[in-house]
Amino acid sequence: MVSLEKNDRLMLARQLPLKSVALILAGGRGTRLKDLTNKRAKPAVHFGGKFRIIDFALSNCLNSGIRRIGVITQYQSHTLVQHIQRGWSLFSEEMNEFVDLLPAQQRMQGENWYRGTADAVTQNLDIIRRYKAEYVVILAGDHIYKQDYSRMLIDHVEKGARCTVACMPVPIKEATAFGVMAVDESEKIIDFVEKPANPPAMPGDDSKALASMGIYVFDADYLYELLAADDKDDASSHDFGKDIIPKITREGMAYAHPFPLSCVQSDPDAEPYWRDVGTLEAYWKANLDLASVTPELDMYDQNWPIRTHMESLPPAKFVQDRSGSHGMTLNSLVSGGCIISGSVVVQSVLFPRVRINSFCNIDSAVLLPEVWVGRSCRLRRCIIDRACIIPEGMVIGENAEEDARRFYRSEEGIVLVTREMLRKLQVKQER
């Protein structure tokens, strides 16, 4: 392990990102988000009033100084590709900066799509090698967090690692959804199990397990060797968590990087923020938290801005209707182009161009872009998908049986409404 002086670390913080390429795995289906991902990949799902989930990984790259980025796409990629083309065309080709869209090459006989996360990189190796990077940063495109990847790169170099895995403690009950590791005193990974049925607890804390975040730094040449060998292994599932990381661990070449060392947060005493938002409840909670008085995720930090595609929209408007009722909101996010007329909105997130007509009560709701809510509606604990038209007088979130019959209701009581569900409901009512 190499110990670096402060000036050396500052120099590396500038140099290492320039020697790196980031690969964002953005082809996931996100099946636990149910109908919300029927027509879009999970990284393209709207989040936080104006963003897409992938904007966080892309913004982290930009803010960390990594300006060579490959986005590996697959499932329902049109919306994602369109978003990146419109909102992330700021890089200069003359300066060797880019966001490259890398669809499935479908080069394997008998295989149409990527066989696993590692295969997603393998299929694009011919392109990736042309980047001539010394380090490859592998990222998931479907997580919400702020991280300075330059700090993780410095940690990788200091430890003399060939592979570094970002990690953080998670409740033991949630650890079955992650790769779980054990480390020694030097943070070398000595054991790694992907999504174990009985996760091993952290030493000294039976309530937590040390989980992989799916964020990796590799020496480029080492990664290429690993992927070439994995590609020829018929017994492999060609996945980083299931195959590549366990193999490196057995070889003693993998080190852990504690997420708090590179997490970007304005309050140093706050808990490091990282969310998977892979279920409807997690997605709903993470959105509504941003509307709270003190959100866990600081979206107002000008030193680490989250970038996205910005439409030219008029300001949000709150108006009095003809009866004299005022449009009001409390503890809510209301985006550009929204109009709230004579209704009350509480603890909710309204995406661009939402229209709420008179006499409505909106409470703990997430309304995606272009939702239109008719008069006298009551919406509670729900997610309304893009461009839904909620009929006059409709009540959602108050009757569990009725909600489950008409829409999708999760075990936690979160109701998801889509245009297709509303269309089917209308057909039934017209019979």
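First residue shown is number 1, and so on along the chain.
The backbone N, Cα and C atoms fix where each Cβ goes, and this holds for glycine too.
Record features, source Swiss-Prot:
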- K39, R419, E420, M421, L422, R423, Q429, E430, R431: beta-D-fructose 1,6-bisphosphate binding site (BINDING)
- R40, H46, R52, R130, E370, R386: AMP binding site (BINDING)
- Y114, G179, E194, K195, S212: alpha-D-glucose 1-phosphate binding site (BINDING)
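Overlay of Swiss-Prot feature records on the structure.
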residue	record	DSSP class
H46	AMP binding site	strand
R52	AMP binding site	strand
Y114	alpha-D-glucose 1-phosphate binding site	coil
R130	AMP binding site	coil
K195	alpha-D-glucose 1-phosphate binding site	coil
S212	alpha-D-glucose 1-phosphate binding site	strand
R386	AMP binding site	coil
E420	beta-D-fructose 1,6-bisphosphate binding site	helix
Q429	beta-D-fructose 1,6-bisphosphate binding site	helix
Subject >> Neighbour count (Cβ, 10 Å) for L422 (beta-D-fructose 1,6-bisphosphate binding site) >> reply: 19
Original post:
Given the alpha-D-glucose 1-phosphate binding site residues Y114, G179, E194, K195, S212 in the record, what is the largest Cα to Cα distance, rounded to whole Å?
Top reply: 22
Subject >> Which of K39, R52, R130, K195, R386, all binding-site residues, has a Cβ with the fewest other Cβ atoms inside 10 Å >> reply: R130
**OP:** Just name the most isolated of the binding-site residues R40, H46, R431, going by other Cβ atoms within 10 Å of its Cβ.
**Re:** R431
**OP:** May I ask which of the binding-site residues E194, K195, E420, L422, Q429 is closest to R52 (AMP binding site) if we compare their C-alpha atoms?
**Re:** E420
**OP:** May I ask for the distance between E370 (AMP binding site) and E420 (beta-D-fructose 1,6-bisphosphate binding site), taken between their Cα atoms and rounded to an integer number of Å?
**Re:** 15
Original post:
If you measure K195 (alpha-D-glucose 1-phosphate binding site) to R386 (AMP binding site) at Cα, how many Å is it?
Top reply: 33
Original post:
Far apart in sequence but close in space: which same-chain residues, 6 or more away, have a Cβ under 8 Å from E194 (alpha-D-glucose 1-phosphate binding site)?
Top reply: G179, D239, G241, K242, I245, P246
**OP:** Return the maximum Cα to Cα distance in Å (whole number) over the record's beta-D-fructose 1,6-bisphosphate-binding residues: K39, R419, E420, M421, L422, R423, Q429, E430, R431.
**Re:** 28
**OP:** Based on DSSP, name the secondary structure state of G179 (alpha-D-glucose 1-phosphate binding site): helix, strand or coil.
**Re:** strand
**OP:** Compare the C-alpha of R431 (beta-D-fructose 1,6-bisphosphate binding site) with the C-alpha of each of the binding-site residues R40, Y114, S212, and give the closest one.
**Re:** R40
